[in-house]
Amino acid sequence: MMHYNLENDDLFGRPLSTKWEKLKKSEFELNCLDFYNRFENCSGGEIKIEKKLSPNMFTGWTTFFNDGDNIQDILKIISNDIECSDLLDIDRLKYGMLVGAFDSATNLYGRGYVTLVAGNSVNIAMSDYGRVINTTKIRELPNKHTKSPAYSFKVYTKGDHVPQLKNASYVFKVHSVNPERIVLIMFDENKEIKVQLKKWQPTIEESGVPYIDFKSNSSAELLKLKDMNSVFIRSKEKHHFDFFFSSWNNLAAYCYKNSQPLNREPLYGEIIGFKSTLTNNYVRGRIHKFFGNSIYSVKHMDDPFKENINSSEMIELQFEYKSMPVSFLKVGLKNALPYPIQFHAKYLVEHVIGVRLSVCFDEAKAEGWKYVDLNITLVKENLNSILYSLVEPLWLKDNATTDSMDDIATFTKYMDLSRIELVEKSVVNMKFVVYHDGVFYMRDKCFGKSFSLLSDMIKEYCSLSLNPYLPHIDEVCLGQFPDGMWYRVICDQMKPGELVKVHSVDLGNIAYLNSRNIKKLPAELLFHPTHVALCILDNSIQINEKNKELLEKYENTDCELTIVKSLGGKNHYLFNCPFIEEVLQ
């Protein structure tokens, strides 16, 4: 799986403070000026990569020339001059204005063009760096810096080399230079890559698309609530709904009349049209990930959905359809609690989706719109407050008792856990963790923010619950491993007077624990799916002591395996793995 996004989500979906105005596609003057003369009397230098745009294209700039200017020094001089100029009022900025903008990534001011004024911040195409940023610090650009060509450019490689470029910068030598064509040779370790430089004009995908104007105390509806920091809403104001409906209809009509396929692989983050199987209508979305075989993950721009689409089903969109405001806003609830939405909280959210809400936030703050209060208009209740009481774990509640948390009448089994079943005959990439008693413990790579949240909740619970626990066979509980950390584990073996044998359902490690290092698993910790599969090799290879020693050398190694058959029970599978079979030969 390859990331095909531009990693610029922060430039999309920012709310406007004024009514949206239709944009005209334009070219920025500094980015149109010729810069070939900088390379004419140069033997080589260094190129810094800024944004990867496709498998054969990226933006960048020359940090220095071997026998010429040090561009980094020039950009520092420009920054110092801008810092001495007057601050500009964001409310007076317009699309296409040339300004000086502060970039927190470089800690410098730079030359750039306004591509979007969203509330109290601005998206700026940084002409000398080849990327678009969001910033709140805008100054006048001194006149002496308004005529020299942009220092950034677009780089095309001969062949799909861009995904393999892992370094931030590369040494180059000049191959040929003339007003029509600049060709360089870039050095990637022992490999020479021929590249061509062209002028950079940011696309709408690089510049970002806003949400419509957004005011406190306006009406909205809840579309989706993943957690209290990931809330997706849409305006229910009549003029906004009419605008959205008209935009969707125009887009669908265009796609219906122009339903010829893209006839090429999409660019990173490209905005495309397609027929959605989720909405049964033509919609638009941004390319997010590439799975191979022309299949891409696409993020909808007008609903909080993701969908897998074949490139043959994609429709090329014109600028006017790409630049229409997105139709939903991602926010967080004020004073959000860092716990998952489950049990009664999940039930509440399901019944509030689509209901009219009023949304309140601090308009005086630059990022005030990101943290909101949602009120259920019909019953005049604050949704935030209700959710606070429902998502707070039982172990934090004042009236919680030891008996209610450690109810010995019931216990958790593996089948109670959330889990991802492996599909028979599928090929998967997993990490070989350890071999023990005829079983290969294999771990997937699907970790993310949810696992970090689980780890934090386990740590919090174990710091408050001091009661040891004697588990049942096959029970899922919490175990403290020799590294001092607590993990979700399954009790595999337990004999009187002996340590309890367990394995982690998330990491695959095995341990023998005293009951004082085991705690009962609370229901709040079931939400995150398990990561470990217990696999048995599908061949006649005998694994003796010598083979076991060999396998120990390859523990925690990534490998590709084929799932032959599901054996049921605690995530057991029959598998083939060329790598492991080769080790055992």
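Heads up, residue numbers simply count up from 1 along the chain you see.
Each Cβ is built from the backbone N, Cα and C atoms, and glycine gets one as well.
Please treat TrEMBL annotations as automatic predictions, because they have not gone through curation.
Note that the coordinates shown come from a computational prediction; the quantities given were computed from them, not determined experimentally.
Under the heading domain 'Tudor', TrEMBL lists 264-322 (among others).
As annotated by TrEMBL, domain 'Tudor' applies to 469-526 (among others).
Over the domain 'Tudor' (469-526), the average per-residue pLDDT in this prediction is 95. Per DSSP, the secondary structure of the domain 'Tudor' (469-526) breaks down as 6 helix, 26 strand, 26 coil. Across the range of the domain 'Tudor' (264-322), the DSSP-based residue counts are 7 helix, 29 strand, 23 coil.
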